[in-house]
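> A single structure is presented below for examination.
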């Protein structure tokens with residue numbers, strides 16, 4: 001490893017200038033903030049210098065971090081200069097590039113063999129990789145200079161992760177048991193926003209604006225505040241609190257703090273990905289440090305600012321503290337709808353009337369007295385577009401696509417827009433689509449009849465639940481009582497008082513299927529938003545309403561509801577009679593979530609099977625079957641069009657009469673004209689083996705994971721230990 005790029009001297013707390021430094025939370029003053037800005041500027045300056053290098057110098061730098069491609073047996077994972085200078089020059093001093101023929105000190109293969117996969121890469125791709133290199137070398141310095149063991153471990157993990165991203169030519173991501181942001185819902189940002197609207201919506205515009213500014217300042221301070229290390233907090237917290245804090249501290253380092261300096265990593269604001277649990281853990285320390293800092297600098301403040309920070313801000317923090325630690329505060333309720341102050345009503349109305357083009361809202365608040373405990377669901381009819389906050393695709397998503405075919409693409413034949421338009425017009429024209437399968441399809445989707453009834457208004461779907469903090473409407477209570485009766489009749493093995501307790505538990509919600517204003521089915525569930533999954537507790541439809549597709553359509557509504565709330569995993573314990581139903585709904589015994597994520601959260605049932613389902617955020621599940629059917633019809637019509645274009649009829653094969661046992665497929669007359677392609681011929685996507693397929697580290701990691709999964713499988717116990725010949729003499 002070479003010297004760290006951008007590390008040109010010592011910074012505050014013993015950390016190098018230009019390297020990441022996460023130390024004690026006591027350093028929260030202006031000097032530290034200025035130091036962090038200075039570090040960021042130095043790193044960006046170094047990256048600008050690297051981007052200005054000539055191409056051969058860039059390739060030499062990347063060769064240090066690239067595996068050897070000379071042959072498959074070579075295990076070298078980085079080119080090493082055979083004759084390094086005795087006195088290395090300063091990082092910003094230009095040095096001549098080594099020639100591509102220069103051999104590696106480790107494997108003796110040339111520098112060019114280590115970067116042969118980058119020959120066709122553009123300058124933008126090389127610059128992205130070099131940006132990761134700068135971050136890797138800064139993290140290398142941090143690993144060796146950091147004294148706190150918890151922080152050092154995180155730096156080491158991020159260093160290895162970025163190092164592997166360079167080897168595999170892939171965009172940097174943080175993976176593993178930490179999960180993916182956001183980790184709690186509602187977020188701190190949402191909670192503080194609700195707090196301002198909840199407590200100050202009665203104020204005049206000027207006073208309300210002042211409180212809004214204080215809230216923005218608090219959120220800004222939290223986004224730029226450095227947490228205490230877990231070891232520093234361990235002395236004055238319980239073991240359980242210390243363990244939970246260490247997880248959040250690690251998440252904060254990986255997703256919020258380090259990415260501010262190492263911009264190769266995706267960055268998330270602290271207030272956007274953490275919620276109430278995180279804020280409770282840090283609030284007292286943050287409040288004390290902020291107020292101490294303001295009091296220490298009061299002599300330098302103008303009078304207006306002093307009044308704001310020393311009089312109004314402490315009162316603001318005291319009121320916020322009450323809501324943070326209160327178990328009954330409504331601002332942390334995911335369904336909380338605060339009342340806007342009068343001067344914001346007009347602005348909200350204008351925004352509501354000018355929704356973004358292409359936007360489709362599938363969740364709407366049910367009007368009435370009990371609107372806060374009832375949410376109506378409607379089927380979606382438009383595709384969701386996945387774009388980032390800027391409305392455009394994020395830079396770096398296709399980094400590996402343009403280098404050495406990292407991701408294998410399927411070679412497809414483009415169809416003209418006119419051709420597709422004609423086919424779509426044909427399959428949607430009832431005069432051209434004739435035959436019994438149009439009206440009486442044998443392969444009609446299970447939920448087709450239910451969807452038709454919903455369109456006619458015969459059935460409705462509502463997400464309802466009890467509440468201890470809000471008034472619950474009489475209609476909602478009647479529906480909950482009806483659902484309790486449905487579950488009790490359809491699930492006779494479950495104790496009635498147990499069903500009642502969960503249905504009316506404020507932490508549980510129920511998707512109710514309503515027909516003629518009474519519930520005929522439902523799914524009772526509990527959402528663990530911070531863990532990223534939902535537990536399905538009860539699922540039932542009245543016996544005389546079964547085999548109508550209601551169960552499938554109800555589950556699809558539940559999936560769409562969870563996609564909207566960004567909770568993409570279902571877990572449930574299914575008895576022997578329910579396993580078949582859940583399999584049809586996409587559930588599997590192969591759980592995609594780590595056991596540590598859900599253990600201790602869900603209810604365990606004796607004799608039941610744990611099943612899981614992972615949701616795809618790009619799918620509208622209530623329209624899924626219709627989309628698939630339409631796609632099949634389009635493909636069928638395209639095949640028919642292609643067949644009609646092939647007018648030549650070839651005679652049958654006669655070679656088999658002469659005793660020939662087999663012939664090559666390509667020798668069949670007309671086979672190539674019909675569109676057949678030799679599967680053995682490498683396509684554009686497969687001519688260059690992907691880097692992942694050739695990387696020994698990747699293969700070792702993948703096979704090791706597979707082996708661990710096989711060993712831990714419930715059915716693997718007979719194969720864990722060889723058969724004892726003393727017990728079974730004739731086995732061998």
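The first residue you see is number 1, and the count goes up from there.
Keep in mind that glycine also has a Cβ here, set from the backbone N, Cα and C atoms.
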> Tell me which of 59-83, 84-108 corresponds to the region 'Disordered' entry in TrEMBL.
84-108
> If you look at how TrEMBL annotates this chain, which of 343-370, 371-398, 399-426 comes out as region 'Disordered'?
371-398
> For which of the residue intervals 648-671, 672-695 does TrEMBL record region 'Disordered'?
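Of 648-671, 672-695, TrEMBL gives region 'Disordered' for 672-695.
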> For the domain 'N-acetyltransferase' (470-616), what are the DSSP-based totals of helix, strand and coil residues?
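With helix first, then strand, then coil, the domain 'N-acetyltransferase' (470-616) has 53 helix, 40 strand, 54 coil.
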> On the 0 to 100 pLDDT scale, where does the domain 'N-acetyltransferase' (470-616) sit on average?
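Here the predicted model's pLDDT, averaged over the domain 'N-acetyltransferase' (470-616), is 89.
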